[in-house]
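Feature annotations, reproduced from Swiss-Prot:
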type	residues	note
BINDING	His554, His558, Cys656, His660	Zn(2+) binding site
Amino acid sequence: MQNLDIRKAYLDFFKSKGHEVVASAPLVPNDATLLFTNAGMVPFKSIFTGEVPRPTPPIRTSCQTCIRAGGKHNDLDNVGYTARHHTFFEMLGNFSFGEYFKKEAIAYAWEFVTEVLKLPKDKLYVTVHESDYEAFEIWSTHIAKERIYRFGDHDNFWQMGDTGPCGPCSEIFYDQGAEHFNTPEDYMGGDGDRFLEIWNLVFMQYERSADGKLSPLPKPSIDTGMGLERVTAILQGKFSNYDSTLFMPLISEVAKLCGKPYVYESGASYRVISDHIRSVTFLLAQGTTFDKEGRGYVLRRILRRAIRHGYLLGIKEPFMYKLVDKVCELMGGHYTYLNDKKAAVKEQIKLEEERFLATIASGLELFESELKNTKEIFSGEAAFKLYDTFGFPLDLTADMLREKGLKVDEARFDELMSEQKARAKAAWKGSGDKSAKGDFKELLEKFGENKFIGYEELKSKSKILALLDEEFKNIDGLDAGKEGWVMFDVTPFYAQSGGQCGDNGKIVGKADVLDTEKFHGLNLSLVKTSAALKVGDEVELEVGSDRAETARHHSATHLLHAALRAVVGTHIAQAGSNVEADRLRFDFSHPKALSGEEISKVENLVNEWIVNGANAKTQVMELEEAKKSGAIALFNEKYADKVRVVSFGDVSKELCGGTHVKNIDEIGSFFITKESGVSAGVRRIEAVCSRAALNLARSFRAELEELKEELKSAEPLNAVKKLKGEIKGLKDKLKNAKNSHALAFLNVNDTKLCVASIDSGDIKTLIDEFKNEHEKAAILLIQVDEEGKISLAAGVKNAPIKAGAWVKFAAQILGGNGGGKDDFATAGGKNALAIEDAIRSSVEYARQALEK
């Protein structure tokens, strides 16, 4: 079985048991307590804790992508040096929210590993909690009692946290053989590799209170997890996950890039790279970006660790981005968004590689120099300098030292890091904007925050208070043809914030204003000069024409929010937005996709409000007063004591610092272009208005005319319907041709024998036709419908074989059962992966019967 087959087999198996198959949730969870989704149950956490109601149906199955590379669950240091640690992995799981419990969960698990995966029963062992007599007794109906081991809380009790849902768990182990693993730790419960855990079944049956007391849950739940990487290696007869088809194609690519063959014993660097490129590719494809903190910093650490291992292999130029194609080839079939994001992911990786490779040589030189003075502990000061100056994450330095049997003074490193953070915090207390690099503190102390006048004025005379280079360092002047940042005493340019893009425009006769952003309370404009600028210059500023279109889209976003609450429900809450001159994007909390009818109602309501018109009203008031007045505020947003409230008649009222139209009739028209999901419980609407909507309508008309021309019809809809009918007819002919080919037969003792799998048609009709055409006939047909249901039927005419026994024999190979009369019988099956085996065995069964 290849990895894709295992993934599909698992999901299909549990779908056949009534589970709803759900897609993998994002790697960045909607959970402030976690850096990344690190287990299959994370997307369902709020269901297990009772924060949200049980879904329908209350049983689910998934193949969840996971990252463990930060926080409590951090496997980064071990990756590459063990057979099974990974930063990125896929977790197969089935979940029951108060529906079935231990009996069914254990039965499903045993059936899947023994009948679908076909793992030898004499290689399997299980563990249960020492107090879980119920699980022990259930398991004893499937496996010999001497193969069931009891362990305590450390091994067989699971809980989310200090309080909340928890319960005993049961693990399934695979014996890799004493002939391969015979260290003192290779026993059940030991740390050796002989007995390998492949599946963990968690029985959430208790609620733990703050005092540690366990109380039975009224509706116990099931949470299971099986690592795809582990089970793939086992099925392929490999003792290391990295030797399986999930990783070897990547390792082979690394070997090509470095020009050195891979040898397992000395191949840690190959394994690190093959693991890390999966994490980096998936995180970037899902929208995480390289950063100096948080998830973005973990992403950077993973990539830089891989780059350093490439350096060890002699690769001293960007190479990780070249591996993205292979990741997409291996995994893009199931995770199709990888293919869509491939080009952007490669570009981001290459840029990050170039940045680090520019400093890695100097950093390694410092490392080697300091190493000469190190006996056992590498100094924290040197480690901090490697981090602060050369971009070496601490765990990368620790990784290099571990290879030499040394350690780093982490305590001193942490002290220096804390001191740096304290200095930054003191300098920027109350700021909360962007990064702390650059000469912002000096500007704040000298000038304070500059004034934004762009609500009232789109043109103004201003004075240049400061000029900064691209690194935000103070400079006296900016030559013609250069880019830099300008601080004006007063500015009409809106700085990017609240989802609205920053203004562009011009310094009349001097420069183009490309963008405007806010840094620690300072409104700074990025400019490209056509004439020299210097500090103290008196200049004329003019906001670009994009501002008007941006304002229309921002006001339309407020109307969209109000319409969603009116049509879909008041539970709708903004989860993010992006407003530009030619489009808007609005993310909102909602558990499912909007229907076509809901989308139309929302769009119609917004346009109705636009036609009717309503004046904009802005007020500055106390935060609590604003909330009491009914103004909508973002739940996670931090507001000042005084806030700006924007309202449009009785239609909309929100806390907002952005720019808007004076009357909503200025928006013109509004059109929703897309509704999609962002993550569990978050939906996204993309839309256009004003000129962008007009341009879209024109493009639709042009496409319609092109379609008419292509179809040679003035009524393209009717032409398409006609084409669909013709295509259906051709498909039917193709299916019939396939069936005709499939029904080729053998001659056995003057009996026409046919055993086949067919794509379409009525099985009974085909069998009757076959029997009518031949004096002596024996036919068995297998068919799988669109939902994966397997149907079998057998027919016999004037031949020494019984249809009932024959079809039952075939069905049992497919994990099902059936029977019937001697001349005609039917059955059902479950395991589509065994169809070829069923056909071969059924032919042999019939041969033996007919040749007697």
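Positions of Cβ are set from backbone N, Cα and C atoms, glycine also.
Cβ-based neighbour count (10 Å, all protein chains) for His660 (Zn(2+) binding site) stands at 25. For the Zn(2+) site, the Cβ centre of His554, His558, Cys656, His660 serves as reference, and the other residues of the chain with Cβ at most 8 Å from it are Ala551, Ser555, Thr557, Val646, Glu654, Gly658, Thr659.
Of all Cβ atoms in the protein chains displayed, 26 besides its own lie within 10 Å of the Cβ of His558 (Zn(2+) binding site). If you take the C-beta of His554 (Zn(2+) binding site) and look for same-chain residues 6 or more apart in sequence within under 8 angstroms, you find Gln500, Val579, Leu584, Cys656, Gly658, Thr659, His660. DSSP classifies Cys656 (Zn(2+) binding site) as coil under the three-state reduction. Look at His558 (Zn(2+) binding site): DSSP puts it in a helix. Of all Cβ atoms in the shown protein chains, 25 besides its own fall within 10 Å of the Cβ of Cys656 (Zn(2+) binding site).
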